Every structure is written in C-alpha cells, then in structure tokens.
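Novice: Structure in structure tokens, see below.
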C-alpha cells in the first residue's frame, strides 16, 4: 500500500491540461475531402453543369476558418461533352438569334411580330387558288383510282416537304435564320452556284404566277360583268387587255401595304374567298343532275407517246395544284424567334391548320367535279369553264356572279403574297448599293411598275398576240410565264 501510495505521491513531470492548451490547426491540404460523384441518373440534369459540388446532408460543413495558404481546388462536376454534343440547354439558351441589319429595311423581314394565325392565313392563301379548278382535268386521263392515289401522294409529299422547310428555317447552333430561299441555297452551295441555280427559278415562279393571276383576274372580271349585266345587256364591254389593266390597277392599290406581315388581313380575305368559291362550285355541281351521256373511262391517245405525255401532263396538273412552297421561309421570317420560343412551333401549328382546310377543299373539288362532268369537262379552264358552260341555265344569277367575284378577290389577294419575294429582291439591290433603306415613295413606284410590267408580259404573250420588239427582260419574263399561262 505504501508503495502504491508512494507511487502516487512521487513527483514527476506534470501532464499538460488538454482543455486549456490551444490546438494547432491542420493545413487544409493535409487531408483533402474526396469529391462526391453524382448518381448516374443526374448526369442529364440541366442544372448539374452549373450547380456547386453536391454534398450529402449528413456531413456538416466545416467551421474551420479559411486559411490564407493556397490549397488545391476541388474539381467541379461538369456535364460530359459526349453526353450532350449540342451543348446543355442552359448554354444554348444564352445564344441569341443573329439578325442581318439589312433585314429591317426589306418588306419580308421588316416586321417580325407574326404568329400562328398569320402563318395559317398566308399558307392558306398561297396554297389554294385558281390552280385547284384544273384538278378534274387530271382525272379524265388518270381515272378514279390513279387520280385519287396521285392526289393523296402529292398531298402527303407536300406536307412532308413543308415540314422539312419549317425545320430548316433557323440553325440552332449558329442562330442564323434563313429568311429566303436564296439564303438557304447560299449556305449549302455557295454564293456563286446558288445564284446560278436558285435566282432564276425564284423569279420564274414569282413573275409567272403573277402573270397567270393577272390573266385569271382580268378574264374573270369580264365574265363577272357579263353575268351581272345579263344576256339582254347592250352595254359595250371592255376588251381583254382593258380588263387586265383594271385588275392591275386594283393590285397597285393593294401594293401600298409596306411588308409581308401587313398583308395578313389580305391573306385572310383571300383564304375565305378561295374556300367559299371552291365549296360552292363542287356543291352546286354535285347537287344538280349529272349531264347526260358522260363517261368516266380514262382518255387514251392514239399513239403510245401521246398517252405518255398525257399522263405526265395530268401528274403536272396535280403537282401544280399544291403550291406555296416558295413562300414557306418568307412566311416564317415574319415571326419572332428565340431558343425558348422558336419560330418553327407557331409556323408548323398554322401550317397544319391551313393544310387541313386545303385538303377539305381540294379532294371534294377534284372528285365532285369529275363525278359531275366526267369526260365532258373542258381541257381549257377546267371546272370553272364547265361550271359556266353547263350550269348557267339552272343556277341562279346571284350564285354565278358571286363565284366570279370571289375568284377575282382571291386572285388579287394571292397576287400580293406571290409578288412579295420579287419586291424583296428588287429592294435588296437598292439597300445593298446605297447602304440605307429605300425611301417611302420608291417602293410604291417600284411595286406599281412591276405589276404594270406583269400586265405587259401577259399582253405580249403569244397566247394573246404575236410578240413584237421588246427588251431582253420582257422576253425572259414573258417566256417565264408561258407554262403557267397554258395551264391557266
């Protein structure tokens, strides 16, 4: 016991009190905290690439004061590039649409406040018109089965290619918008080759369609006057050229609207008139008794080569009925676009609505018109000529005059939207050279001159009069409209 007591009482080196002695802080680099990897299910999270390091909830953050000594930074977790090759949604959202300053001076892209309704109006006005009245002529050669099959395939192909053009309008990587056909061709083929391959077809279609619309509008105006005046009318009517001039003058008045977005109301009126007169013509034709002696047997030429070209011509009539592709990019260019709200969404929504109405008009028009008139439908003029030739006596004068008036209004409305690419090209030449917007008086004179020149093209065409001496531009543009004139 004594030894034990002595052992306890023996003096020795005193032990330090741990509660009172300060503890030397350890350097941060001595024991770095290992990074905590995220679960595989979070690799596709949009916020992972910009979020701080993920820390479990059961680990409390360290309250040790920060040292001024530099330490190794813990690597942040980022989304691997091979998982999202197009970039994360947050990074893509920071990209802005690149706009050309010159676009603010041109009629197609001057206003970008369009919407799905405007797109539907423009697509419907440009997609249905006088060319639909010739569809029953194609059935006289193809017959019931092949006519319906060709019409269905053409409509499906039209809708598919329309969807592709809507998706190609803007590049999600670079932010560039291709607001015109020539721009998207330059991006694919280069500037020199694109101008050689694309500029002439663009002007060909724009000028040719406007010439055809001028002729359709002028000739229908004469027919409307004769219908309203009556058979016993003794008033001297105008000549065909004078009726073309009347139609061109009305088109000049409508050309005062400054840009493509401003003619949305005109396109709405054109769409309504097209739907109404197409529905009236096939419903009145089907409601009446069929003509005596009509047959539905396909027409066959005497020679093999004649039959071959008749089939090609019928397929061309069906393809010509589905128009409007040359205006897809221009219509979509009138809409605002951003990464969050791309323009392809309202554009495709309006296009689907428009083409549903187009299908509801074209299919009954072609099938009903061929059922009512069969092989007796005129080759020149199609359903319009048959309607006035066979239904004039048993149809009220009001219906006949209303159909003519609706065709005239639709031709005026379609004239505006189909001439817009030509106006845009002419004004772009001025803005590129002068580096400023065209004065307000100049576009009106330019557009009015273009419409009156279209009147001269139709007047000088060999269909109406032998061509005399004219300038090089008159010859080119006049021949550009020849195929459309013969179909019309």
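Cβ coordinates come from backbone N, Cα and C, glycine included.
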Novice: Which of these ranges is annotated transmembrane segment in TrEMBL: 263-284, 285-306, 307-328, 329-350?
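Specialist: Spelled out, TrEMBL records transmembrane segment over residues 263-284, not the other listed ranges.
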Novice: In TrEMBL, which of 52-74, 75-97, 144-166 is labelled transmembrane segment?
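Specialist: Result: 144-166 is the stretch TrEMBL calls transmembrane segment.
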Novice: State the residues, same chain only, that lie 6 or more residues beyond the ends of the transmembrane segment (398-419) and have a CB under 8 A from a CB inside it; answer 'none' if no residue qualifies.
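Specialist: Counting only partners 6 or more residues beyond its ends, the transmembrane segment (398-419) has Cβ contacts under 8 Å with 122, 125-126, 129-130, 206, 209-210, 213-214, 216-217, 220-221, 223-224, 227-228, 247, 250-251, 254-255, 257, 260, 263, 266-267, 269-271, 273-274, 276-277, 280-281, 284, 327, 384, 387-388, 391-392, 447, 450-451.
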Novice: Cβ under 8 Å, sequence separation of at least 6 from the ends of the transmembrane segment (353-373): give me the contacting residues as numbers and ranges.
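Specialist: For the transmembrane segment (353-373), the far contacts come to 116, 119-121, 123-124, 127-128, 132-133, 135-136, 138-140, 144, 147-148, 151, 155, 158-159, 162, 271, 274-275, 278-279, 281-283, 285-286, 288, 290-291, 294, 296, 321-322, 382-383, 386, 390.
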